[in-house]
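Student: After the structure tokens below, expect a handful of questions from me.
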Amino acid sequence: MADYVNEIKRRRTFAIISHPDAGKTTLTEKLLLYGGAILQAGSVKGKKANKHAVSDWMEIEKQRGISVTSSVLQFEYNDFCINILDTPGHQDFSEDTYRTLMAADSAVMVIDASKGVEAQTKKLFKVCLLRKIPIFTFINKMDRAAMDPFKLLEHIEAELGISTYAMNWPIGSGKEFKGVYERDHKRIIAFHGGDHGMKAAEVTEGSLEDDTFRSILGDHFFEQLREDSELLDIASTEFDEAAIAKGELTPVFFGSALTNFGVEPFLSHFLNMTTSPLPREASVGEIDPFDEHFSAFVFKIQANMNKAHRDRIAFMRICSGKFEKGMEVLHVQQGKKIRLAQPQQFMAQDREIVEEAYPGDVIGVFDPGIFAIGDTLCDASYKFEFKKIPTFAPEHFARVTQKDTMKRKQFTKGITQIAQEGAIQVFQQIDTGMEEIIVGGVGVLQFDVLEQRLQSEYNVEIKLEILPYQCVRWIDDQTLDPHTLNLTSDTKRLKDLKGKNLLLFMNNWGIKWATEQNKSLSLSEFGNME
Ligand code: GDP
């Protein structure tokens, strides 16, 4: 029992959110380096050419032979057991990216110091807000020309509407990025070497009162730091643990993942400040991770991970109880008991069977087509359902028609199954049913995947016609008849596969019109929120 409690307490399950190129992969690699999971950082970057085909981590995995599923990367650091959840970015950006955040207990937001908050970071941040999870900010690339740190904090607050608290402060930037100042211990960490990021950075540490740092940092930077630190103490928001826990205040760290400067101070603070696995809302109230009844929910389904096997893997996050290989659990939505016989993790190219796992961990199980996103698995003696995972508003839309209308059945089956996995969302015009199908995706790549999968798995050829719509919103009051609404002529009335009514707009202006003209109408960016 003591072991069980300790295993949970030492777990940290988080996702890294960022805009492409801000440095998520580099930072992840450096966390592995500091965790001792790899001995030397390096060439992961060199092999970026066909990056969109495989996740960045699959690359790391192949090169280093570390245990990585395509969904989670697990490693030890001091006494912590860390699970970093992969949030696919770049061309892979899709609903999976959002859903992964449903399985995280906190998020690390990586921001490029010269670019500030970018589009994809904003989108992912919104999902973190929805979950009210703690968000830790790592301002990266301080070894290059950077915005003024005070300006950066203001910018984050203005763009994201979150308060900031600088945990440390950069000393210089660009070629003159000399170190960071840790505000809690009033300690200077001056960087040397770091072997261009191949090895852990070498540092000299000491107090702000210690005048030897005047010569280490140089007069100018030393004086500047003293000034900045006084200003920070006067001007900054108060440190407030409760606000951090609710995601209202983000602790901010400065550093450079490439040179390793500031990576270790970030990691050690972050791991101590962030949370071990959190309770999760369910139909019977909150489920406590320390509850010994097993429970988990499915947050991602991945098809055809292995071409030779043509299978699907359902990834689930364990929320309570110890998982043991072969255990029998209740699949609540299907009302059936199933045996979790072959839970998988991936070691290099081969699948590795997981013997045991704890709350906070993610396991992948073979899915013969029975799982859907959000499904609950639990101990049959204590049955409940976890709160549903929201459906995220897609931003790309296409009309799908079949080339060969004789294959109606396969088409319907294929498109429904692919939608069930959560790869795309399927909408129908309210009065026409399956006759006209509109698909929506968070990323455009999803349409290519749909076309190719319908062809190869269901032998159905389709024609895709990209539509100029940009936003979809669910109607909050589902008893409201969409025909009675006063809408612009280019707004479409649709329903999703669950029969929920929603509206498809050309742009934000259409949304504004709709809510202004129809006082009883309220709209939501997330579906499935009951
Ligand atoms: P991702 O797309 O967010 O995963 O970003 P990557 O980690 O792939 O980094 C994008 C590019 O920025 C790569 O060329 C990295 O070498 C570079 N990069 C990452 N971190 C830093 C940093 O701290 N300083 C500098 N100068 N470059 C960095």
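Residue 1 is the first one shown; counting continues down the chain.
Cβ atoms here come from the backbone N, Cα and C positions, even for glycine.
Got these off TrEMBL a minute ago, pasting:
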type    : residues              : note
BINDING : 18-25, 86-90, 140-143 : GTP binding site
DOMAIN  : 9-278                 : domain 'Tr-type G'
Student: Quick check: in three-state DSSP terms, what is T87 (GTP binding site)?
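Tutor: Where T87 (GTP binding site) sits, the three-state DSSP reduction gives coil.
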Student: DSSP three-state call for K24 (GTP binding site): helix, strand or coil?
Tutor: helix
Student: Taking 10 A as the limit, how many CB atoms besides its own sit near the CB of D21 (GTP binding site)?
Tutor: 14
Student: Which binding-site residues from the set S18, D21, K24, T87, M142 come near ligand 1, judged by a Cβ under 6 Å from any of its atoms?
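Tutor: Only S18, D21, K24 qualify.
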Student: Return the count of C-beta atoms lying within 10 angstroms of the C-beta of K24 (GTP binding site), excluding that atom itself.
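Tutor: Its Cβ shell of radius 10 Å holds 25 other Cβ atoms.
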Student: Provide the number of Cβ atoms within 10 Å of the Cβ of T87 (GTP binding site), excluding the reference atom itself.
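Tutor: That number is 24.
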Student: Over the domain 'Tr-type G' (9-278), what is the model's mean pLDDT?
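Tutor: Here the predicted model's pLDDT, averaged over the domain 'Tr-type G' (9-278), is 85.
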Student: What does DSSP say about M142 (GTP binding site): helix, strand or coil?
Tutor: coil
Student: Under 8 Å between C-beta atoms and at least six apart in sequence, can you list the same-chain neighbours of M142 (GTP binding site), or say none if there are none?
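Tutor: The answer is A113, P170, S173, F177, F254, G255, S256, F261, G262.
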